[in-house]
Amino acid sequence: MVQFSLFFVNFTFETLAGRQGTALSTVLPLPGSCGGWLTFQDPTGRIDKSYPTVCGHTGPVLDIDWCPHNDQVIASGSEDCTVMVWQIPENGLTLSLTEPVVILEGHSKRVGIVAWHPTARNVLLSAGCDNTIIIWNVGTGEALLNLDDIHSDMIYNVSWNRNGSLICTASKDKKVRVIDPRKQEIVAEKEKAHEGARPMRAIFLADGNVFTTGFSRMSERQLALWNPKNMEEPIALHEMDTSNGVLLPFYDPDTSIIYLCGKGDSSIRYFEITDESPYVHYLNTFSSKEPQRGMGYMPKRGLDVNKCEIARFFKLHERKCEPIIMTVPRKSDLFQDDLYPDTAGPEAALEAEEWFEGRNADPLLISLKHGYIPGKNRDLKVVKKNILDSKPTANKKCDLISVPKKNADAAGVQNEAKLDEILKEIKSIKDTICNQDERISKLEQQMAKIAA
């Protein structure tokens, strides 16, 4: 069995403002090729080798992604050609977790990319070295969309747009594609977005533009901004340096800042994206002594608003993980509205079935004015359909019991009526639960105000 890991750590760190602080209970995704552990702890330092782990894959884990709508759910893709979805106990692991909630099988080669839908519950995308993208309904364990004829070469990365209606991809054939997954068609495409042979990356921005990183023909690292409605020429193109490390972009839609972390670099560059020329504005560089082997990024609602923290990274060294805190020095202790506009919350705007039927919705926003107070996460339940029900009988003459057609039709009508009643009752219970969750959240906020 192969283990993968997310470390919950407590480190002392140096902020950009030069002050000391402490990061508590933070999250780091580690590269699957490093082996790794899944641990939940407050103390610093090396853990015991017998500590509980998540171990279910039979090959190295290549990518992992926390669910944006449930802080206890994580998806992992592996060289064993499967995607597994795990439910982590709220209080952490006491025993090693070997049984995933669901195993998603459909790729013929290793799975290198997994990405949850930003607004629809239980929708998960996976991309493998078979050049295929599959979009799953995790709630039923089904592959509902299979994009197997769009890419002719290895897919380097996949990014959803803000409402999850489109995806953009960068691949080894040097093309950047904007794809409508439900229509299974390419909306926009750019050949040789970057002419260099080394890997590219492409991500969607909040305004619908596409940001890419890559290499020039002379192996200089580049970044570019594209409008999907006209990808003949980039909106902006900047050359940076001649390093070989692939630039990994991390985007904050609330502040329109992009952080670029190069593999093997010892620095993080960050840029602001605006509507005015030159569109991509260099801000600053965070430098350290040791190179980074990997980088993780904390969701916005995990930041400390009282310290004007606008970003938190987790830098993977050879033998340790180091939190890196990005802060904006402010003298006032009041909440900084300009730094913390309403951000995407944990509640899904759509159910999986609604999205597959064609509906779109922007993320449901929450305020961070009083800090983020997590609500109770619902358990991930998988309802698998009986595939035998859809298979025709091989030989009707061999039936032992013959049911008259009228009786069968009557039974079918009764079953449909019962099913409708059950579905209405389920919807009613869901609505009640949502209302109670909102009520609990408001009460918790009131308690937090009183306690403060």
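For all residues, glycine too, the Cβ spot is worked out from N, Cα and C.
Quick look at what TrEMBL annotates:
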{"type": "REPEAT", "residues": "54-96", "note": "repeat 'WD'"}
{"type": "REPEAT", "residues": "104-146", "note": "repeat 'WD'"}
{"type": "REPEAT", "residues": "148-189", "note": "repeat 'WD'"}
Counting by DSSP secondary structure, give me helix, strand and coil numbers for the repeat 'WD' (54-96).
0 helix, 22 strand, 21 coil
Provide the three-state DSSP residue tally for the repeat 'WD' (104-146): helix first, then strand, then coil.
0 helix, 25 strand, 18 coil
Helix, strand and coil residues within the repeat 'WD' (148-189) as assigned by DSSP:
0 helix, 21 strand, 21 coil
